[in-house]
Amino acid sequence: VINHPKYQESKRIAIFLSMPDEVQTEEIIKDIFKQGKECFIPRYKPQSNHMDMLKLSSAEDISSLALTSWNILQPSDDDNAREEALAGGGLDLIFMPGLGFDKKGNRLGRGKGYYDTYLERCMKHPRGKPYTIALAFREQICESVPVTENDVRIDEILYEDC
């Protein structure tokens, strides 16, 4: 990941804080800060499909985050001091989680549409849609995954031996 040309050229990067069954992102996050890039992480709004990408100040900042009922670390609802990526300079790159992927760029998420809705908002930002890379295990690559007209294709899927 850290040698990927899109990662190397990106300055503003959004990345998920991994759950135990996902590709682990902690080392990528540390590298984002080591390289002097800006790091944004998701804050999901429950009972909706709204998500914001909020800026982390450091890799250590993760330890100050609240644990949600979904067992995900994220900035608390009353944390309004963090920059939201689309309120500022937008994003260059988004690393995305998922349950399954096909080689056409279709992604099966957890069913709420958070990333698809966020990418729609990105398209309205002056910088446009950021490059999207899904981080996957080889076992998550399928012949095809079900999609709807609201699903946004991802640009690239990275997995072991891809």
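One-based numbering along the chain as shown.
Glycine is no exception: its Cβ is also placed from the backbone N, Cα and C atoms.
Record features (TrEMBL):
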- L17, E22: substrate binding site (BINDING)
- R107, L108, G109, R110, G111, K112, G113, Y114, Y115: ATP binding site (BINDING)
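A simple way to gauge crowding: the CB of L17 (substrate binding site) has 18 other CB atoms within 10 angstroms, across all the protein chains here. E22 (substrate binding site) is 14 Å away from R107 (ATP binding site) when you measure Cα to Cα. For the binding-site residues given as G109, G111, G113, the lowest number of other CB atoms within 10 Å of the residue's CB is seen at G111. With a cut-off of 8 Å between CB atoms and residues at least 6 apart in sequence, the same chain places M51, I94, M96, R107, G109, V152 near Y115 (ATP binding site), listed in sequence order. Neighbours of R107 (ATP binding site), defined as other CB atoms within 10 A of its CB across all chains, total 24. Within the same chain, the residues at least 6 positions away from E22 (substrate binding site) whose Cβ sits under 8 Å from its Cβ are F16, P97, L135, listed in sequence order.
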